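Here is the structure we will look at, set down as structure tokens.
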Amino acid sequence: MLSICFANNDDPKLHIVYLGSLPETTNSYSPTSHHLNTLQQVLDGSNPTKSLVHSYKISFNGFAAMLTNEQAAKLAEMEGVLVRKWNGSAVRELRRWALRGLPIKAAKRQQNIESNLIVGVIDTGIWPESESFSDEGITVPVPKKWKGTCAGGKNFTCNKKLIGARFYVDDSARDSQGHGSHTASIAAGNNVDNVGFYGIAQGTARGAVPSARIAAYKVCGAGCDDHSILAAFYDAIADGVDIISISIGHGFPMKLENDSVAIGSFHAMAKGVLVVTGAGNSGPKPGTVSNLAPWMLSVAANTIDRQIIDKVILGDRKVLTGSSINPFKSNGTKIPIALSNGDSNKCPKEDFIKCWCLDENLVKEKIVLCDIYPNPYNIKDGLDGVIIKEDGTLPTPRIPFLPLLILSQKDYEFVKSYINSTKGPRAEILKSEIVRDNNAPKVAAFSSRGPDPLIPEILKPDVSAPGVDILAAYSPISSPTVGVPDESDNRSVDYSILSGTSMACPHVSGIATYVKSFHPDWSPAAIKSAILTSAKPMVRSSVHDVGEYAYGSGQANPIQAINPGLVYDINKGDYVQMLCNLRYDNGKIKLITGEMNPCKGAGDISLQATSLALNLTFSFASTRVAADIPSCRRVRLCLPAVADSCPAPDLQPSRPCSLHALVPPTSLY
């Protein structure tokens, strides 16, 4: 989790100031002058240029400034001005493309058009020297529509693949964490043969659209602040990107008017740019989904049929299978297992069984058992291995910095029984291996679930995509073990394996770009609709699954998405009307859209509000009704055909047996 810290309450803090939409005619209007003049009125003679952080003057009208609470309050009293203090957000976390129907050679492609498309990646930056961002094989010049720049900092070079870079934190767009390089290469990385992670998952790495261009926007360093995110949206839209991929969120549901990703994506949508983001890693509890705005595409994470497992061999030759991305080879020697991790003098029992505290005298050069996944900082040097109990609440799978695996509760208890019944218990943790997972795809336990806590009538997440054990480009200066200081782990890798909806997001960003290569004139809503309505149905495969609230419309299906037959298209005005009908007041809607008084004359009848929300739901519609009050909900769906011939879809209601649902007609012709 990346976060941002603020100074004392009396110090100036970052505020975003909205001034409504830009004038239709800007010949005699200077946004920067307007912003400075507005600031001057509350700064008591101070130079406003020292307070102004950024002017937003293309995608929307407003500015970011460092203001005290008193100055912000004075600005908020002005007519037509809305002020918001912003907090921080968090970064979320080869076989997969063949599984998704995009094999390297067999997939139908429009390469000339694909090479004219630009994916903007808002993340932790990018490692420009990675082979995934080489322009080898790209002979077509940079698209003429590109208005951006390569401003990546010192010793940072772009090419015909990585055509642009900007940074809003640190002193370079260079990726020091690996997350941004990973997501960018999943979406649009070039073909790279024979890569893997210490021999694990060896194969060809590539993005969904290897001919497309990449523009990187670094907004995350020690944290991801909202000002940087909005500035990156502003630049990406002005630069001319076609799709924005942003694997960033707050980690919990956030009101749309407070969410920088929701606001930035609204302005992107208004300019014809689809925004794809992750649904969050806070599952499996229901109602944890984040990135909730209906105008962006939120992606859940599912498994693929290539599973990474690990094994431990006990001293009695019993073999137990668990999960881990363990790159450490065993030399065939069985290591002693610690009989205890601590004692009452140095470590209380409730701490040492969870590996929060370890007695070095008892655990040195031994394998320890931990009831929960330990904080890497609490694992002392000198351990030879760790065995962890799976309790259903573990975070996304991680790469360990010493031999480690996770066992089911049953197998973990078996190991404890073996220790208690054996003199001198020993074990050997093997290097991870690849097996086929016949139960895939299934939604990962960590993937956040719906329903949407803000607008339950809108299905979130929208769709699911591969997000477990994904191999992709990485930063060689970042530790492959997330959470461990780089100085404590001197390994350097060019490709690594990560899990999270952060990895699922760029899969769908790439698919959206692939769809756009066949339909360059389609709106963001049309592309989103095509992906959702063509998704492959999934089944409930575990106790954590809550049906569509886990995987949305299903697993994204790129080949079918280019010819969905029908699409549901909507525009900026429809979204604004939806907010009005859902009783968002003008002030909140202005924070989101920049529109002044958008709800003038809008109805606020409950049925109308529900109906319009349902009209904006693509392949699924849901609504709430009181159990003891007779009620009626009417949904009218307009379905524009996008193909001369396509199968007639059946309209079948999914409902509890106590409800009556009528769908006239039951088929479309």
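Cβ coordinates are placed from backbone N, Cα and C, and glycine is handled just like the others.
Just so you know, TrEMBL annotations are computer predictions that nobody has curated.
Residues annotated as domain 'Inhibitor I9' in TrEMBL: 15-81. Positions annotated as domain 'Peptidase S8/S53' by TrEMBL: 115-537. The active site, charge relay system feature in TrEMBL is assigned to Asp123, His179, Ser502.
The 10 Å shell around the Cβ of His179 (active site, charge relay system) contains 27 further Cβ atoms across the protein chains shown.
Ranked by how many other Cβ atoms sit within 10 Å of their Cβ, the active-site residues Asp123, Ser502 place Asp123 at the bottom. Computed over the domain 'Inhibitor I9' (15-81), the whole-number mean pLDDT of the model equals 79. When the alpha carbons of Ser502 (active site, charge relay system) and Asp123 (active site, charge relay system) are compared, the span between them is 10 angstrom. His179 (active site, charge relay system) is 7 Å away from Asp123 (active site, charge relay system) when you measure Cα to Cα.
Secondary structure counts, DSSP: the domain 'Inhibitor I9' (15-81) has 22 helix, 15 strand, 30 coil.
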